[in-house]
Amino acid sequence: MAGPLIPLSQSLLLRNYPPEKRTFALALWSMTVIIAPICGPILGGYICDNFSWGWIFLINVPMGIIVLTLCLTLLKGRETETSPVKMNLPGLTLLVLGVGGLQIMLDKGRDLDWFNSSTIIILTVVSVISLISLVIWESTSENPILDLSLFKSRNFTIGIVSITCAYLFYSGAIVLMPQLLQETMGYNAIWAGLAYAPIGIMPLLISPLIGRYGNKIDMRLLVTFSFLMYAVCYYWRSVTFMPTIDFTGIILPQFFQGFAVACFFLPLTTISFSGLPDNKFANASSMSNFFVPCQDQLVRR
């Protein structure tokens with residue numbers, strides 16, 4: 001249910017801020033997203049160790065009520081113009097079959113021994129045929145579910161590919177780090193959260209600076225620096241992560257990986273949306289966030 005939150009919030013920001021302030025607006029937006037890696041693991045660990053894991057979900061109920069109240073109050077009168085649009089039912093059906101089949105295949109593949117299972121083979125065939133048909137249908141549809149014309153923009157295409165790759169690296173650490181610390185090194189949930197949290201410190205400090213001076217910086221340099229830092233930090237881990245490593249040795253790569261996180265999200269988003277007309281922002285944001293869950297599911301398998 002929270003799937004539309006990111007694309008809608010991005011689109012709302014880009015529509016309501018003038019072009020010269022959009023980078024700063026996205027910087028503020030990304031700061032709120034980046035706080036999660038700092039607070040989430042620590043709070044989740046504390047709840048699991050001292051209460052019940054069920055409270056991890058229940059705690060979202062009052063937060064959701066507060067956010068809903070703020071949205072209804074602060075965003076009143078900022079609605080965009082709406083017009084009735086006929087549902088593209090064939091496109092939606094192909095999208096559900098293609099992505100749904102792919103997600104189930106990745107989710108159940110390990111349990112069913114991958115392609116030794118007829119179920120996995122059927123899901124793969126259905127997914128591939130549906131996705132190919134989706135591309136063909138959406139390319140000729142007057143009201144596409146996925147606006148493939150966005151890929152005519154070189155900035156958007158390169159940006160989407162880069163964002164997907166960067167999230168792939170980022171998600172890998174999110175998935176593997178807590179399991180490694182708790183199952184192999186004997187950390188409890190709180191200390192595993194504390195060890196992971198430093199990845200959010202530098203993005204919290206750097207994002208406002210990137211937002212303020214973003215119009216004066218070549219975003220390509222920041223993106224290049226980001227991927228170099230990813231390479232350095234993962235190599236660092238590959239040669240230092242042993243069962244006997246101490247807490248300091250764990251958090252240092254996490255801290256420096258924060259530079260990579262800060263320098264990929266905001267610059268790549270800015271690059272992807274640059275040159276697009278205002279009426280394409282909603283579609284572009286949806287398309288941008290369409291690939292993130294797919295790669296996240298791939299990493300988790």
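Yeah, the Cβs are placed from backbone N, Cα and C, and that goes for glycine too.
These come from TrEMBL:
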type	residues	note
DOMAIN	1-301	domain 'Major facilitator superfamily (MFS) profile'
TRANSMEM	24-47	transmembrane segment
TRANSMEM	53-75	transmembrane segment
TRANSMEM	87-106	transmembrane segment
TRANSMEM	118-137	transmembrane segment
TRANSMEM	158-177	transmembrane segment
TRANSMEM	189-207	transmembrane segment
TRANSMEM	219-237	transmembrane segment
TRANSMEM	257-276	transmembrane segment
- Between 0 and 100, where does the mean pLDDT of the domain 'Major facilitator superfamily (MFS) profile' (1-301) sit? 79
- Message: Using a Cβ cut-off under 8 Å, which residues of the same chain at least 6 positions beyond either end of the transmembrane segment (24-47) come close to it?
- Response: 9-10, 13-14, 17, 53, 55-56, 59, 174, 178, 188-194, 196-197, 199-201, 203-204, 207-208, 210-212, 214, 261-262, 265-266, 269-270
- Message: Within this structure, do the transmembrane segment (257-276) and the transmembrane segment (189-207) have 3 or more Cβ pairs under 8 angstroms, counting pairs 6 or more apart in sequence?
- Response: yes
- Cβ-based contact of the transmembrane segment (257-276) with the transmembrane segment (87-106), 3 or more pairs under 8 Å: no
- Message: Below 8 angstroms Cβ to Cβ, which residues of this chain, lying six or more residues outside the transmembrane segment (53-75), approach it?
- Response: 12, 44, 47
